[in-house]
């Protein structure tokens, strides 16, 4: 059960707070104790051969050179960069709380593109000298965390702000791709960038703005903080043909496959989807589930009957009110949390891809995160760790790419 999976007490500081970050040598990382993350699962459940119980992740390890990501990358060139991003996000959030979910979604869609189709997740017990590579080890207090990516068939580009680009030379951009047409938050990014350009012209990349703004947005809606490395560069092009975001009606197998191709385990995938707890979904993405699911003329039978009625009430409006729904904690309150998983267990998943997390092996993690206070703690730690991993998906570094002056236009 979910409770059984979480019965080990979490020791030490949770490995997600960006208060004190220690970059390790290989020896220190090898000798380190397991993180709190590793102790959340029973030994029998931790690794069943598919990597879904893995407690380790990876990133490109900063070696304190200009060619790598680093903590405080802009300390010497634009010391106020991160503060400017944070203060502007707070200001935007005060004016419209929906900007938080918009910025998080923009970041995810930016990173989740242009990857190898042969990428597989790495388990904690794999030989890191062969198939897996430790990229980053970071710490808070005495708790050390590592993140591993497969060293085979690495992605070509990921978190590079390519999603922000307008069309170039008449060709389609990522913004034209079907999964990205409902993206919001571009104006918010432009406002952040304008303030940074005024303070530090041509210095802070749009890719770093997205990474920082997503973290700051999550904190504002009650999510965990986590360390964000900076030093990403912006792509000069957009990759319309490589946009492959899991569809709203995806089965759990399809979702797992999409995340696995980016190197994410089952556990990490379920944790990352918890970001849906802060968003709102337009009716057009789930209308078929409540009226004519799979051509049956009936609602999706995995939906709770009362939920069907609530969804129909929202989607049959006259358009005066937004025809959208969210995973509200109570009333119409939107906030980050494991209530998302409790709703899935109750058959109240808005998107089929969400509800499908209860249809296969992923249900064990849904149950774990829905298991009261300890489940909430486990979810927050897992989510933070997975977001650090997401932010390290094949960024451009060093002299690669560029730093745009306007996030929607490449530098010529």
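Glycine residues also receive a Cβ, built from the backbone N, Cα and C atoms like all the rest.
TrEMBL annotations: computationally assigned, not manually curated.
TrEMBL annotations:
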| type | residues | note |
| --- | --- | --- |
| ACT_SITE | 109 | active site, proton acceptor |
| BINDING | 110, 113, 158, 160, 162, 174 | Ca(2+) binding site |
| BINDING | 246 | substrate binding site |
| BINDING | 276 | heme b binding site |
| DISULFID | 78-200 | disulfide bond |
| DISULFID | 111-159 | disulfide bond |
| DISULFID | 206-407 | disulfide bond |
| DISULFID | 283-315 | disulfide bond |
| DOMAIN | 68-411 | domain 'Plant heme peroxidase family profile' |
| SIGNAL | 1-24 | signal peptide |
| SITE | 105 | site 'Transition state stabilizer' |
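Feature map: TrEMBL annotations on the structure.
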| residue | record | Cβ neighbours (10 Å) |
| --- | --- | --- |
| 78 | disulfide bond | 17 |
| 105 | site 'Transition state stabilizer' | 23 |
| 113 | Ca(2+) binding site | 29 |
| 158 | Ca(2+) binding site | 24 |
| 160 | Ca(2+) binding site | 32 |
| 174 | Ca(2+) binding site | 24 |
| 246 | substrate binding site | 20 |
| 276 | heme b binding site | 22 |
| 283 | disulfide bond | 18 |
| 315 | disulfide bond | 17 |
Exercise for the section: Have a look at the disulfide-bonded residues (111, 407) and report the one with the fewest Cβ neighbours inside 10 Å. Expected result: 407
Practice task
Give the distance between the Cα atoms of residue 105 (site 'Transition state stabilizer') and residue 206 (disulfide bond), rounded to the nearest whole Å.
Solution key: 15
Exercise for the section: Go through the binding-site residues 174, 246, 276 and tell me which ones have a CA within 10 A of the CA of residue 111 (disulfide bond). Expected result: none
Exercise for the section: Kindly state the mean pLDDT of the domain 'Plant heme peroxidase family profile' (68-411) in the predicted structure. Expected result: 85
Completion exercise
For residue 200 (disulfide bond), the same-chain residues 6+ apart in sequence with C-beta under 8 angstroms from its C-beta are 74, 77, 78, 80, 81
Handout entry: Other C-beta atoms that fall within 10 angstroms of the C-beta of residue 162 (Ca(2+) binding site)
Key = 30
Problem - Integer Cα-Cα distance in angstrom, the residue listed as 'heme b binding site' to residue 246 (substrate binding site) - result: 13
Problem - Residues that sit under 8 angstroms from residue 159 (disulfide bond) by C-beta distance, when 6+ apart in the chain - result: 107, 110, 111, 207, 210, 211, 232, 390, 391, 392, 393, 394, 395
Practice task
Consider the recorded positions 158, 206, 283 and say which one has the Cα lying nearest the Cα of the residue listed as 'active site, proton acceptor'.
Solution key: 158
Fill in the blank from the handout: Min neighbour Cβ count (10 Å) across recorded positions 109, 110, 206 flags 109
Completion exercise
Expressed in Å to no decimal places, the gap between the Cα atoms of residue 206 (disulfide bond) and residue 113 (Ca(2+) binding site) is 16
Practice task
For residue 246 (substrate binding site) and residue 113 (Ca(2+) binding site), determine the Cα separation and express it in whole Å.
Solution key: 11
Fill in the blank from the handout: Among the disulfide-bonded residues listed as 283, 315, 407, the Cα nearest the Cα of residue 174 (Ca(2+) binding site) belongs to 407
Handout entry: residue 162 (Ca(2+) binding site) versus residue 407 (disulfide bond) - Cα distance in angstrom
Key = 9
Handout entry: 113, 158, 160 screened against residue 315 (disulfide bond), Cα within 10 Å - retained binding-site residues
Key = none
